[in-house]
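Single-structure report; data block below.
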């Protein structure tokens, strides 16, 4: 009989693919397979040719990109010198997790399936494409696919004589066991937060404990959004970066939540333990010190603030001593109860700690050995770096919008990392934050003479701030104008970002300029998704004023509503002021075809639809062809999907706006999920985006 070994490899960005891979691993153990579950980059890919049975579980991130923990594997697999029969003895299956609202839906899974097939692999099933947009989430695809997968696998590798599939009612042993030490044993000395000099460039497994230099709120106390400009000292770390790169920060749970968790589970937070794997060959968690305290485990490792997944309730149900609680937990873990689970957890963003409060009898019975099986680890958070090494050597600055919002739950929802960072005060004592840097997806033009307009709503301005600092440090002025550029009056009361550092009280670290736009590497910000939508609409119109017409690209750029006349009035006034004041910057000549005499006239004509302001008039000169070359990159639209429906963000456009369309030179890219940022270069032919086919 063939050896019954199964390898499950996953590429996961947010933890969903890892959770699914571990589910497959548990089901394999119930069928008496020797099963390993590993991240793709943790696995020695050179051994892949010896594997007989492999299941790949991989997510797709960004614009068709592989997750961070499978990029090394991805590059190796697509080497051109691999023989076409490399994987001829492998039976494999691929499960993809993605979001069908993106044009490259499950691109990584599809491409991986095709590549393994090219290398001689034998597919057990067609590639499965889990979809977050489905009413039941990716489980709508995963559940039936797994049933078919096990039928195929058991046909090839039957159960050994005398063995049966372990019943789902039987609890599997934990992955690790906790061995408590004597109470007078030494406690771990801080683990992640100790300022040790790294032996190599800091990474996720070996972060650098950077000293926080300052933590300054840059929005007014009356402003709805708390935005922080935070600076770290990275001297001696070996970290280097450029504009557009990203800093990864490892957050921790707040002391109050840690105390509540320990009380719920009746744990002594100061008790020390050693962690040992249940099965030989299982690696210990890399970020946990040995020995470790319960307090350190809960503070730095267990993500008790995340929204619990289906697997959480499945495992929790095994410990329930209360019949009502057990029935509810089993419902949440069943395929039929996923809609109810979504309403309970995902819609109100209920945390793991809050869910444990709702099942007190079960929670108090959870054995400590199962904590690492029950609760996922805290994942690092990414922030665009908002400073330049040329301007601030040995320093990293970030802009952090503190996440706080309401759901139907009485307690406001708070972001784990942003709330933790905002709570740190370096003036009250030394503060250390574990971090490392990775390359970002945004690449600015290498030629400093390339004029750039940069518009980033909210903290999306962070990488633009870094780019401006870099150019200023290089002494670039640009056609006789400094990077501080022009100041354009706007409607009173609108808050936008400027590059002037001398102003106070503004958002995003650029100072508040309550009625101004600054050009020449310009910045624009606006609070809330609705206002960000207005900004995006204005960007489209501005570009249309300076460019030839092109098909309207319909994309879900942001979630705001653009329906009321007063909002469109502001867009009209903004665009009018921009075009009138900045025509000499954008094009060689002025815009004689912009005939309105005032912003109010432009707004009235735009909203009421009785003016030709929004599109070229036959009696006026045609707009100049600027720029004449380029390509169109949008986060959620492909060229084949572009059409001329006069809608923006799902809302009907006023009549005069329908002619204000995207130009092919328009480049749009998403910045860390904060909002949409738009950038357009005067000569796209010289930009890296033109050459690589990606937004820079």
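Note that Cβ sites are derived from N, Cα and C of the backbone, with glycine treated the same way.
Since this is a predicted model, take the numbers as computed values, not measurements.
Listed features, source TrEMBL:
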type: DOMAIN; residues: 6-150; note: domain 'Flavodoxin-like'
type: BINDING; residues: 12-17, 59-62, 97-106, 132; note: FMN binding site
type: DOMAIN; residues: 205-445; note: domain 'FAD-binding FR-type'
type: BINDING; residues: 349, 381, 382, 383, 384, 415, 416, 417, 418, 613; note: FAD binding site
type: BINDING; residues: 459; note: NADP(+) binding site
Nearest of the binding-site residues (59, 99, 102, 105) to residue 349 (FAD binding site), judged by Cα-Cα distance: 99
Integer mean pLDDT for the domain 'Flavodoxin-like' (6-150): 93
C-beta crowding around residue 382 (FAD binding site), within 10 angstroms: 15
Residue 349 (FAD binding site), number of other Cβ atoms within 10 Å: 17
Closest of 12, 15, 59, 62, 99 to residue 416 (FAD binding site), Cα positions, binding-site residues only: 15
CB contacts for residue 15 (FMN binding site) [other CB atoms within 10 A, all chains]: 16
List of residues, in chain order, with Cβ under 8 A from that of residue 12 (FMN binding site) and at least 6 apart: 18, 19, 21, 39, 57, 58, 59, 67, 69
Residue among binding-site residues 384, 418 with least C-beta crowding, 10 angstrom cut-off: 418
Nearest-integer angstrom distance between the alpha carbons (Cα) of residue 62 (FMN binding site) and residue 382 (FAD binding site): 13
Closest of 15, 99, 102, 105 to residue 382 (FAD binding site), Cα positions, binding-site residues only: 15
Fewest other Cβ within 10 angstroms of its own Cβ, chosen from the binding-site residues 102, 105: 105
Residues of the domain 'Flavodoxin-like' (6-150) by DSSP state, where helix covers H, G and I: 58 helix, 35 strand, 52 coil
Pairwise CA distance, residue 418 (FAD binding site) versus residue 105 (FMN binding site), rounded so that it is a whole Å: 30
For residue 99 (FMN binding site), the number of other Cβ atoms found within 10 Å of its own Cβ: 18
